[in-house]
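Below: the structure, in structure tokens.
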Amino acid sequence: MSQQGYVATPPYSQAQPGMGGYPAGFGSAPAQPLYRHYGGPPQSFPAPPTGMMKPVSSPSGMPPPQVPSHYGSNGQQNGAHPQSYPAPPYGQPLQSPYHSMAHQGPPPAQQLTNQMGAMNLGYGPGAVQSPQAPPTSHLTQQQFQTSPPTAMGHPPMGPHSSQMAHPQSPLAGPTMAGPQSMGGPPPMGGMGRPFPGPPPPGAGGFQQPGPGAAGPPGHPQQLQGQFGGQMAGPGMAGPGMAGPGMAGPFQGGAAQMAGPPQKKLDPDSIPSTTQVIEDDQAKRGGQVYTTNLRGQVPPLVTTDYTVQDQGNASPRFMRCTTYSFPCTADLAKQCQVPLATIIKPFATVPKNETPMYVVNHGETGPIRCNRCKAYMCPYMQFTDGGRRYQCGFCNCVNEVPAFYFQHLDHMGKRVDFYERPELSLGSYEFAATLDYCKNNKPASPPAYIFMIDVSYANIKSGLVRLVCDELKTLLDNLPREDGAESSMVKVGFVTYNKILHFYNVKSALAQPQMMVVSDTAEMFVPLLDGFLVNFQESRAVINNLLDQIPDMFADTNESETVFAPVIQAGVEALKAAECSGKLFIFHSSIPTAEAPGKLKNRDDKKLINTEKEKTLFQPQKAVYEQLSKDCVSQGCSVDLFLFPSQYVDIATMGDVATHTGGSVFKYSNFQVERDGQHFLSDLRKDVEKAIGFDAIMRVRTSTGFRATDFFGAIHMNNTTDVEMAAVDCDKAVTVEFKHDDTLSEETGALMQCALLYTTISGQRRLRIHNLSLNCSAQLSELYKSCETDALINFFAKSAYRAMLNQPLKTVKEILVNQAAHMLACYRKNCASPSAASQLILPDAMKVFPVYLNSLLKTGPLVGSAELSTDDRAHQRLSTTAMGVEDTQLLLYPRLIPLHNMDVASDVVPTPVRCSEERLTDAGMFLLENGCSLFLWLGQACPPEMIQSIFNVPSLAHVSIDLRSLPELDNPQSQKLRSIVDSLLDQRPSSMKLMIVKQKDRSEIMFRQHLVEDKGLHGGASYMDFLCYVHREIRQVLT
């Protein structure tokens, strides 16, 4: 059954009340039951017999009116949630949330010459028509250019068309160049294949209007043609999407002119990411998001909201690609939407939200299901007067231990429901017993070992002195438990070049002692007592050592280094101390000294765009693979700070860090005055961040589906246990699910993530996150509940893994193909019937193409000899562990206009679309993507603005070598610095500020982040890519 859809109007997502069965405003239910909704306003629920609960519809996804219980006072026992149908997907009005027809405005005329005839904007029956016709310049009628299909002016009277907002405006939006643009006319007689070359005039039942046939300005002509009139002009070869990085399906011929050049269509008519973000902020920003409803779609990651945990984990911890799983494997296969959850177990929780509760059951430990071993949670149902409980995951009935027994109230809920976090909350922790510790011995607090490469390059650049000076103060800020006086983390120090130097810094010593290990083949730690110490106790000796190190190696000529033995030494030290910990390695060059793990330069630009390009990203195995395993089994995480001046094989050197929950930081051609502050802020964040060690995670699911694949900075020994030597507040694991049976709409899909880890003070804990999703036999429910930001996180991680085994061209084809299948399935099964020339996108996925196109243009996936292999490998590795907010920002950077900011307000100016068209000569813009931060200055930037921010008279005087903004006492300077500081504060890693002047050489770096434009190293503009995706969708459909 097809759904009447929400069809977007050009201002893209402005709510129009009273449409599609939903009254204006939040909360109240549809006037007549919508498809698959159980009608009627949400009420307090009487107690139906258990297992008979019907879902309560709350179309806006807001919780039902407050009732005494977290779940509504229903007869459900803990956790069989009254199910609410998911909120309308993001950033769109509250009316029928089924689909938005994306308005495609074509790219500049020289690229999409005469594409307009082939595809028009998506308007179907029941459309919200735009209140005023757009300026006629949008629709320059020419020879060979036909009008949109009949659906535009005269909507057939579908079931909802009586609710049309402005039926009198026949022109709903500009027509858009079509899918055939990529080489060939429209399908003939319903055939989907594009033919090369121009069609015969009038072929296939189309009538071509002559030059004088245009209708009145602003009104499209209606065509009498058997297909509702898509008409291609001759020789429409398309926008020439070929670029160095877009081989294969992306190549299109050069556009051939047909008729006079066209006026540009308004790019504002295609779906805008910034608009979607703004709309969601306006609709859900500043609100409390309560997690008491199953399958509820949370606010976007970019929205500012507060979470109140009422039985499901906060979206800060878990986000899904869709909040309504398809009931069967066949449906999942049909729609091809990946079913995945992105889990960030240690996500930072804002101060105004409740911190994690710790539940301690003493000697007995956490209560678990006997069969599936799931932990006690809100999805367990108590029966038999409270003496038994049924597991929500495997349905096994378990006895309640005597100490845990509690009576049930008249609703069948335990009397102590609200006193027990594990019964009423989605996230909480259990104190673990000795059974959960290694060798059944209590865990020890972790240790941090600082390992400094003292070869010639690091001494000469000033790095060694910089690190030693910083550590004197930084070690005061080692992470500690809330409320603890000082940190329990122990510290140790190693310096190395071709050989390793260990330091005894025992508090009793007057001077530190150095011990040298020159046999790097058989690594051992020469001292036990005095290597790992408490910083507070040994402060004097440590400071003494840090003063001596830079002078000790000041005259070194040693340029060769070892690397694998350094990690091995760290693992051995932690093993001897029987604790977990982290190695901070400061390293300068590829390890060429004779030792295990010696690497050779294998950077070969001739491999780019060949079958063998993938080998550049595959780590050189052998020693490093074994090293990763050793690290993980000891709970030893590796953070690597690299300071290369040439190729260092990050694919291999970063491999251990990426499998041990660590990070890789890279500072090419490091200079203290230029990069010092950037590096130090990264180091501070890294040392101080919240973290857990020696972690093992398992994701359990209710019957019918299971976790099959895992992506992240993790190690997998088997198919179910995710092992992480450490996991910090920025690391996320993406988990993919597959069906192994049919899911039921009534019980939904439940998942529980359990993470066993050692805290910073050496306690063993279990952190539990629970989430319940809806299940539906209707694909429209799945598409309504999708989350684009989570989807693109999954696609990025799976593509970056696939590129190790497949040529880039294949990886990119698979990405586009899967996206086309997802969108074609929506079009076929959920959208109202409409002309094939319309591009129809699900509302929740309307900006998916811009993110996908941006992903295809990222360094790792662009085969270009101009990009350094190390940079590509570095981005590939760092994306693997990113959470949803990080991939969202990376793939759609924020471009913030500063020239008209309100200095009196605290608010950051609203970002604009990420395209060159938004830049103005007299403007000043800040661009950030979580890794880079640019301040772009237009040529005509007013001198008074330059003066107030840089304290120089004109743009010419501004130095592009500035690394921070001067601190001036005026409102503009203060406002801009506060914006920059707030951005730096929010991001996991520090960003180096780069000043860029318009038309300067440095602008190239900046421009590659304008993701709606053509890629510098190949890759289509957003507009071209939409046309391309549209063509692919039509090929799938035919």
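Backbone N, Cα and C define each Cβ position, glycine as well.
So that you can see what the record holds, here are the features copied from TrEMBL:
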REGION    33-271  region 'Disordered'
COMPBIAS  71-81  compositional bias 'Polar residues'
COMPBIAS  129-149  compositional bias 'Polar residues'
COMPBIAS  203-215  compositional bias 'Gly residues'
COMPBIAS  226-246  compositional bias 'Gly residues'
COMPBIAS  247-262  compositional bias 'Low complexity'
DOMAIN    366-404  domain 'Zinc finger Sec23/Sec24-type'
DOMAIN    444-687  domain 'Sec23/Sec24 trunk'
DOMAIN    692-776  domain 'Sec23/Sec24 beta-sandwich'
DOMAIN    788-887  domain 'Sec23/Sec24 helical'
DOMAIN    907-979  domain 'Gelsolin-like'
Looking only at the domain 'Sec23/Sec24 trunk' (444-687), mean pLDDT returns 96
Sequence-distant residues near the domain 'Zinc finger Sec23/Sec24-type' (366-404) by C-beta distance (under 8 Å, 6 or more away from its ends) are 50, 76-80, 311, 359, 412-414, 422-426, 430, 432, 700-703, 747, 750, 752, 754, 766, 768, 770, 772
Taking DSSP helix as H, G and I and strand as E and B, the domain 'Zinc finger Sec23/Sec24-type' (366-404) has 6 helix, 11 strand, 22 coil
DSSP puts the residues of the domain 'Gelsolin-like' (907-979) at 23 helix, 12 strand, 38 coil
Secondary structure split (DSSP) over the domain 'Sec23/Sec24 helical' (788-887) reads 68 helix, 4 strand, 28 coil
